[in-house]
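Working notes for the structure below.
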Amino acid sequence: MPVITLPDGSKREFAHAVSTLDVAADIGPGLAKACIAGRVNGELKDACDLIETDAELSIITAKDEEGVEILRHSCAHLLGHAIKQMWPETKMAIGPVIDNGFYYDIDLEHKLTQDDIEALEKRMLQLAKTNYDVVKRVVSWQEARDTFAARGEEYKIAILDENISKDATPALYHHEEYTDMCRGPHVPNMRFCQHFKLMSIAGAYWRGNSENKMLQRIYGTAWADKKALSTHLTRLEEAAKRDHRKIGKQLDLYHMQEEAPGMVFWHNDGWSIFLELERFIRRKLNQYTYQEVKGPLMMDRVLWERSGHWDKYSEAMFTTSSENREYAIKPMNCPGHVQIFNQGLKSYRDLPLRMAEFGCCHRNEPSGSLHGLMRVRGFTQDDAHIFCTDDQVQEEVSACIQMVYDTYSTFGFENIVVKLSTRPEKRIGDDAMWDRAEEALKQALRANNIEFTLLPGEGAFYGPKIEFTLHDCLDRAWQCGTVQLDYALPNRLGATYVAEDNSRQTPVMIHRAILGSLERFLGILIEEYAGRFPTWLAPMQVVVMNITDKQADYVQEIVKFFKEQGIRASFDLRNEKIGFKIREHTLRRVPYLLVVGDQEMENKEVAVRTRDGIDLGKMRLEDFATKIHQQISLRSLKLLEE
């Protein structure tokens, strides 16, 4: 007689084993109709799975995040159902859930076209609208293998042979005549899967191994209702307009080419923004009392072996050799910073020691994962490492948190999601050390009134971690900032200080990044602002245009004056109509367009308009310079009089 405890604390007693769907029906027909799955004692289960003992139960509907993920997974099976009807010879590989959607990798000789994708989507909708039940069967490993062998599904057989124990009992999900294998859970009925869209086709190697066969990957998105789907598609359209690769080319900020995959060729205007970002962070370092250092780009393999990176990270490291010595180009800055710390005797009076670097790092990312500035092989980290005592951890972490929020707010990012990853099963140190470390991070977050989500077991083996994920104007999540405690690396690399009692102690090391990769953060900013950078960041802040040749000398005097004032300015003296010039510089997203005619020259004025077409009227040159200086010094996100 199981007793089911619901989230509100109420209890329901049943005379026999019940499913989540049974419990939902006992509560009411509306909930039964909405029920997708259940969370039983913290574990997601299919709505049909029986609960035989007392349990805590949360009923999952499409209003829950887990419910949407489940219906996305079921849409992947629906896609498989439709594919097998249209191309029965297809071999199905894997179909997981991804952010905002799903994909399915298939082996099909016929190369799918956009017309095929549209036909597939239509067939999927036809199938879903029949509202058929999804039937789950738990079978033996051998029965599952026999089922897929009879259907010629070689990839499913490979998964069973290579990834699933022979004493396991896999779950088979039957979509009418189509059968798939999955951990689940899945929707009980296809009425939940009617708001989706197939998005694109790409190539993907089986198991991600380039030595294996290339499969076709079909991407889709799925949502709980029509409105959510429409909102997402609108956001995707806006994201396409804001694509940093497209805008980067339009504004001549940077380029990338085949001879240097994942490496950025910065052009003048892009490098101007990069340097402004660097200057901004450098001022923050000074404000928060950091030393700035510079370590070598390349170090001997021996050091990477001592740090542990060679064992755990060597596949992602670029290497070279000279004079019978093997070197690695650094993928991160931390081992180099420990070497700097180790130069000279350190006392407890020297701690905390905050060491920062704009470190040029390289990682051998797979070529298929490279994506503009967002995923590169060569990048610059705004990396810092704080060497401190156990007692100083909370205060130092608190200062890091303040620095993160102070920095993000400058760029207009206010929606920050914070996660705290705690001790994993495999870890160094005793429980007392982890208790102190985790509590210090929690107290630092609470002291700053930061709400956070715990991720139990997700910390690194050498210490707990705080992650900061910012949400942009399209509500996309970008994980940028981290604060990571490290109780291992200082010890491995022999970092010590003399404690107050004259004993030698190992410092705690705090890894801290704010922007993460400057390249990636700049890509985020390009998309956030759609290339319309705030004045302080804009590569060109002012362009001055003449109406006739009579004003040419005066225009050049104005630009010289602006440059002496530290304002990034240029002139346009081309023999073109003023309307043409204005349109061109508006497309270049220059914040301020200044026009000079005879009257402006006579009165030592400029006619000011913004890139948004707002006419700010005539201003004396000095008045405009004062206003724009104030805007730059405040790092305002808005233009004058907006």
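Cβ coordinates come from backbone N, Cα and C, glycine included.
Of the residues proposed, C334, C360, C473, C480, the one Swiss-Prot records at the same Zn(2+) site as H385, H511 is C334.
Per-site Cβ counts within 10 Å over the binding-site residues H385, H511 peak at H385. Confidence for the region 'Catalytic' (243-534), expressed as mean pLDDT, is 92. Neighbours of C334 (Zn(2+) binding site), defined as other CB atoms within 10 A of its CB across all chains, total 23.
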